[in-house]
Ligand SMILES: Nc1ncnc2c1ncn2[C@@H]1O[C@H](COP(=O)(O)OP(=O)(O)O)[C@@H](O)[C@H]1O
Ligand SMILES: O=C(OP(=O)(O)O)[C@H](O)COP(=O)(O)O
């Protein structure tokens, strides 16, 4: 991807008193009390915002949180305000909406160096549809655009792509640049053997990535909620595990493709199953081919952990996205904890994957912690990210 103009190219004269629309990725994990359980993405957003504050800009922050269907209290960005204010050392103001008169008024009241956080941009369906009228309304709030939301750069949405058409200059933030610099380099010439570990729960958006990964890697390990679609495709009973029914044919063809390409594709041979999706569920280990009705797979089993660990010990570069199990519940965290500790250069991406390595204290063993899971996988596939393409070239 061509090098993009950076926020660092804009100096005080370009920024002082200017209203800057900054798309950040504050899609952080929250617990049931709406407490942030991992603030990596918030901390990663700070350098760009600080730079803008120091140069006297009026900072308008925009993000999504989760995948809400309409306005939903639990997906409000309000819980982010205290941590953002603390990290930035300024009182961040919060708007109850992301467009409209009230927002315009709050923007007009912003002092130079002030920061306003807009409410979840996905409360409008128009965001994910990349609706041009909605993008224009967002653009009308500001004088220039900075995209620092690497984690959402693979989405062509109104606040990540559409808005750049109406607001110039449109430049990359420091985090976006750092991620691109590292990932484009690391994945274009990886040290081999090169392995990818793909897990997590976003099966439908990540299963397609596997196809392109088979062109790049020597070894592919699958875990997490990803595996049951593959098991079902092979005729195994999967109980009430997570399955994408419309991806069964794709799963079969991926297994065949791996074979024909000579890529080692490892699926767990045993799984830890639970009688409910809860921390206090009853659990037991069973072979992958025999998950009883009413039970669901929530982690990879001990035999698989051993096989995966041995396979990873021979690798030089590992890119990892998506936990191996429901690590948020201690009973189902072992697969994730063990797999994360392997490989020489380990590049990890994804909001929950990062939370997982932070939780088990392995973050400082990683070569690069990316704030984007889907985004880093798409880069690895060799795709251009729409949120980056829309920006001005350097
Ligand atoms: N077997 C499983 N069944 C259901 N959910 C799972 C399973 N294994 C992992 N998960 C869940 O996947 C979530 C993370 O998935 P995903 O969003 O794809 O990862 P990331 O945010 O790192 O890209 C975690 O919250 C985890 O609990
Ligand atoms: O968490 C994110 O992606 P990731 O889980 O792939 O890292 C981004 O905030 C994008 O969210 P989305 O996958 O709901 O578009």
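The backbone N, Cα and C atoms fix where each Cβ goes, and this holds for glycine too.
Within 206, 216, 232, the residue that TrEMBL lists together with 328, 350, 351, 352, 353 for binding ATP is 206.
Nearest in space to residue 41 ((2R)-3-phosphoglycerate binding site), taking C-alpha to C-alpha distance over the binding-site residues 25, 64, 67, 206, is 25.
In sequence order, 128, 161, 386, 387 are the residues of the chain that are 6 or more apart from residue 155 ((2R)-3-phosphoglycerate binding site) and have a CB within less than 8 Å of its CB. Between the CA atoms of residue 25 (substrate binding site) and residue 352 (ATP binding site) there is a gap of 13 Å, rounded to the nearest whole number. Under the three-state DSSP scheme, residue 350 (ATP binding site) falls in the coil class.
Most Cβ neighbours within 10 Å, among the binding-site residues 27, 353: 353 holds that distinction in the structure as shown.
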